[in-house]
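Some notes on the structure that comes next.
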Amino acid sequence: RATSSNQRPKRPLTAYFRFVMDKRPAFREKNPEVSNTELIKKLAGAWKELPASQKQVYEEAVKTDWQRYGEQMAAYKAQLTPAQAAALKEERRKQLARRRSIRAKRELNLLGKPKRARSGFNIFLSENFQESEGNSPVAKLKKLFDTWQKMSASQKQPYLQLAQDDKVRYENEMKSWEAKMIELGREDLVRSRRQRLRKKPAETAKQNETAKAKAPSGGKKAKLKKSEE
C-alpha cells in the first residue's frame, strides 16, 4: 500500500509550545480585544517570567513524549517496504528544501534585497489586471496573455522601455546592496560568489577529466621532443 508522511508520527512539541497551547485559551479569554500577534507576545513574556520549577513540569512532559515518539517511529519504520521508505525519504528531502528556500527568501527580505526587475509583460499585466475581463485571476491572466501576444511591436515598446529602465534600477540597487553585504561579511549572497558555489560537480569532474586527458598527450610530446634533441 502507498504510504504518506502524514502517517508519520508527529514530533513532540517543545516545552514552550506546550505552555502556549496550555495557556492560550485563558489568555484569550482575559484579552479578547488583542490581536494574535499581541497574544503570542504576552504568552512569550509569561513563559520568560515562569519560575524554573513550573517550567520543569513542561520539560518533563517533553521527555516523556520523546520517549513515546522514539517507540512510535521504530514501529512506523518497521512496517515500511524499501520502496515506501525511499519515497518518504525523497518527500522529506523536498519538504526540507522548500523550508530552506522559504527561510532564505525571508532572510533576503529582512536584509533588504532589491526586488528583481520586471519584464515588459509583467508591467503590462500589473497595469491592466484589475480592468481585465474574466471571472477568476486565471481567466484574467489568460486574457491578458492573449492580448499581449497579439500586440504589435510599437504597442509593446512603452512597456519594454519601462522594463529596460527597471533593469537598470535593479542592477544599480544590487551593486549597492552587494557592497553592503560584503561589508557585513555575507559574501555568500553576492551573485558572482553564489555562481562559483553553485558550480555543478559534474562540470568540475568533466574539467578534471579533460585536464587529465590533455596532460599525458602533452607529456608524450615533450618526451618525443627531448629524445629528438
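Including glycine, each Cβ sits where the backbone N, Cα and C put it.
Summarising the annotation, TrEMBL assigns domain 'HMG box' to 9-77, 114-178. Positions annotated as DNA-binding region by TrEMBL: 9-77, 114-178. Positions annotated as coiled coil by TrEMBL: 160-187. If you look up TrEMBL, you'll see 192-229 marked as region 'Disordered'. The compositional bias 'Basic residues' annotation in TrEMBL covers 220-229.
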Counts of helix, strand and coil residues, the domain 'HMG box' (114-178), according to DSSP: 49 helix, 0 strand, 16 coil
Along the coiled coil (160-187), what average pLDDT does this model show? 95
Is it possible to list how many residues within the domain 'HMG box' (9-77) are helical, extended or coil according to DSSP? 56 helix, 0 strand, 13 coil
Spatial neighbours of the coiled coil (160-187) far in sequence, C-beta under 8 Å, 6+ residues away: 111-120, 122-123, 193
